[in-house]
Every structure is written in C-alpha cells, then in structure tokens.
C-alpha cells in the first residue's frame with residue numbers, strides 16, 4: 001500500500017512537470033514595433049505606424065488597439081480598435097473626425113493616420129496587438145510632437161555634413177587624377193617629340209657619315225691629278241734649258 005502511494009505520487013509529479021513544460025513559452029510572445037517619436041506640423045497629417053512579429057499564422061481574430069495619453073496627463077484613453085475584420089474609431093477624444101485606418105492585418109500592419117494636427121495632439125500613442133493564440137506580449141509606444149515647423153533632426157544635419165565632406169573628397173580625388181592624367185599625357189607628347197628629334201639627328205648623322213665615306217676617293221683622285229700635273233711641270237721645266245741650248249747652236 002505504501003509503495004503504491006509513493007508510486008502514485010511520483011506519477012502525479014511527472015504529470016505536473018509535463019503540463020508545465022507544455023505551457024506557453026516566453027520566446028513565443030508577440031512583439032510589437034512602432035517608431036520612438038514622430039514629428040508633425042499644425043494643420044498637416046502624420047502616420048503612426050505599428051507592426052508586429054508573431055510565431056503564429058495571422059489569425060482571423062487578430063486585433064489592434066490604439067491608446068492615447070495626452071502630454072502632461074496621467075490618463076490614457078482608447079481611440080481606435082480593429083477586430084473581426086472591421087476598424088472602429090472611438091467617440092472619446094478629438095480624433096473621431098480626424099483619424100483614418102491605413103493598416104493591413106495580412107501584412108502585419110496596424111498603422112493609422114491623424115489629419116489636421118493640433119497642439120492638443122502632443123502626447124504618447126500606444127499600439128497593442130493580439131494574434132490568438134499568441135496574445136502574450138508587450139505593447140509599443142510612439143511619441144507625437146506637433147510643432148509650427150518640423151525641426152531639422154540631428155541625424156539629418158550630421159548626414160548632410162558627412163555627405164558634403166565625402167563630396168569634397170571625391171572632387172579632390174577627381175582633380176588629382178585629372179592633373180595627373182594631363183601631366184602624364186604631356187610627358188608622353190614630349191617623349192614622342194624627343195624621340196622624333198633623336199631619330200632625325202641619327203638620320204642626319206648617318207647621311208653625313210655616308211657623305212664622308214664617299215669623299216676620300218675624290219680627294220685621292222684630286223691629289224693624284226695634282227701630283228701628275230706637278231710632275232709634268234717639273235719635266236717641262238727640266239727639258240726647257242736643253243732646247244734652249246740647241247737653239248743657240
């Protein structure tokens with residue numbers, strides 16, 4: 001009897017452990033995403049986007065709920081609800097005539113648009129999504145700032161500065177490459193001219209050498225001719241006295 005009771009107790013503990021292990025896992029909780037802050041100007045419109053991630057398929061019973069907490073207020077009111085395939089705009093608050101549903105549940109999009117913004121719209125908007133059976137999760141909040149003029153964000157200014165610096169660097173690099181290209185091209189032209197001049201000098205020197213190689217025979221012929229003429233003159237001068245003697249006799 002005692003052994004049977006102990007065995008039944010162990011079986012009960014085992015069943016409890018299995019049931020607890022098969023319970024909902026925190027890793028399967030739904031995750032909702034919205035931007036941290038959104039800016040708008042008085043009289044314009046703004047889109048408050050809301051998306052989510054779920055481990056389950058998109059359910060027919062999916063629901064979106066938007067709440068609004070005005071700046072400086074502790075109370076939060078429901079301003080919009082989507083369920084059973086139909087959007088509902090709550091009568092509470094000043095958004096009834098200025099709100100538009102632009103979401104698409106099949107694309108996990110629960111965005112809304114608020115038209116004709118006013119300073120009273122400053123505050124925090126909360127988006128909550130349920131996708132049965134995935135209903136455990138944390139909602140997401142976005143803060144709306146309504147101003148006379150949309151301020152230039154720090155990121156935009158920084159991006160503009162970085163873009164300007166990169167553009168300046170690109171221009172400097174382009175100028176350097178252009179100057180280098182022009183310099184190399186000029187050097188190539190000068191090199192071709194020098195090569196042509198050197199080639200012309202070589203050709204002229206070759207012609208001069210060929211002329212000089214042809215001059216020695218002519219000089220030798222002129223020397224031989226001058227020698228022959230000199231010898232003939234000497235013979236003539238030697239023979240002239242003898243003829244003179246014959247004439248005297």
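Glycine too: its Cβ is placed from the backbone N, Cα and C atoms.
Taken from Swiss-Prot as is:
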DISULFID  50-127  disulfide bond
DOMAIN    30-143  domain 'Ig-like V-type'
CARBOHYD  122  N-linked glycosylation site
REGION    227-249  region 'Disordered'
SIGNAL    1-29  signal peptide
TOPO_DOM  30-153  topological domain 'Extracellular'
TOPO_DOM  180-249  topological domain 'Cytoplasmic'
TRANSMEM  154-179  transmembrane segment
Across the domain 'Ig-like V-type' (30-143), average pLDDT on the 0 to 100 scale: 94
Summary of DSSP states over the domain 'Ig-like V-type' (30-143), given as helix, strand and coil counts: 6 helix, 58 strand, 50 coil
